[in-house]
Amino acid sequence: MASSSFLFLHVLVMLSLASMAFADLSDDFYDDVCPEALPTIKRVVEDAVRQERRMGASLLRLHFHDCFVNGCDASILLDQTDTIDSEKTARANNNSARGFEVIDKIKSEVDKICGRPVVSCADILTVAARDSVVALHGPTWEVQLGRRDSTTASRTTANNDIPTPFMDLSALINNFKKQGLDEEDLVALSGGHTLGFAQCSTFRNRIYNDANIDSTFASQRQANCPRSGGDSNLASLDPTPALFDSKYFSNLVSNKGLLHSDQALFSGGETDDLVKTYSKNLKTFSEDFAESMIKMGNIKPLTGKQGQIRVDCRKVN
């Protein structure tokens, strides 16, 4: 009886701590201190996406890769120093993560309009991801704000915690579960691959060795991704890489997922039905994607007096 009471108390304490972590996040965090902050982020993101449609997917991916490494704290933006083990050189990010210059520009413009550094780089990443999706005709959602920036980074954690394109379904489920995300979040957030491109090195093994792949699709991808060489050659993750739609899921139902981890979502497992639903219903996918983005954006934020508001997103103050 005593042990069960202790367990109940432990759960209550953990829930209280979780509630405290999110208590300082709110959708009106900057309304008084800098009401022009969010419109400024939106303007710079829209300009960047207008110049290069691919940038929308890149900014979305930066936020994803940030949140999966010790929470949404802008650690992915820190450059290598004697004391910072930069996540930019982690396997998932090295010569792949991009959009850092856009974040720099947003930070510069926001600090100028606010008169001082009041908006964190972590919040900039979160809002820029939302605005990128909207710019490519996807859903919008209320972003919870008030995150602060980390003073550390971890390439090792990035290597361990960012999901790889080679994972099967059980590995993906466990990877997302570690972040407090469930199977619906996994499928919805993977739908972010309705935008953007992947490098040949990430899908070569799939197009030459996987059995559950449409043969014509595989041949088409092999034309630009040889068995050796061409590692950085790009292929779109779905047929409309600059438009938020449900074709990513339609591709999976047709065994045309570009990445092994994409097709794993429709491979006879427990996520098949949800993939089918999303392939036929853009509205449902859009709503679930927005909900899962909010959930992901709330992973272990630094709030209150934790962390700092960086002056330069690339380095600790």
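Glycine residues also receive a Cβ, built from the backbone N, Cα and C atoms like all the rest.
Note: TrEMBL annotation is automatic and uncurated.
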Q: Look at the disulfide annotations in TrEMBL and name the partner of CYS114 from this list: CYS34, CYS200, CYS225.
A: CYS34
Q) CYS200 pairs with which of CYS121, CYS225 in a disulfide, per TrEMBL? A) CYS225
(Q) Can you tell me the CA-to-CA distance separating THR194 (Ca(2+) 2 binding site) and CYS67 (disulfide bond), as a whole number of Å? (A) 20
Q.
By a 10 A CB contact count over all chains shown, which of the disulfide-bonded residues listed here is most packed: CYS34, CYS67, CYS114, CYS200, CYS225?
A. CYS67
Q: Might you list, by sequence position, any residue in that chain lying six or more from ASP238 (Ca(2+) 2 binding site) with a Cβ less than 8 Å away from its Cβ?
A: HIS193, THR194, ASP245, LYS247, TYR248, ASN251, LEU258
Q | Cβ neighbours within the same chain of ASP66 (Ca(2+) 1 binding site) - under 8 Å, at least six residues apart | A | CYS72, ASP73, ALA74, SER75, ILE76, LEU77, ALA122, LEU125
Q.
In whole Å, how far does the CA atom of GLY71 (Ca(2+) 1 binding site) lie from that of HIS65 (active site, proton acceptor)?
A. 9
Q.
I need the CA-to-CA distance for CYS34 (disulfide bond) versus PRO163 (substrate binding site), whole Å please.
A. 36
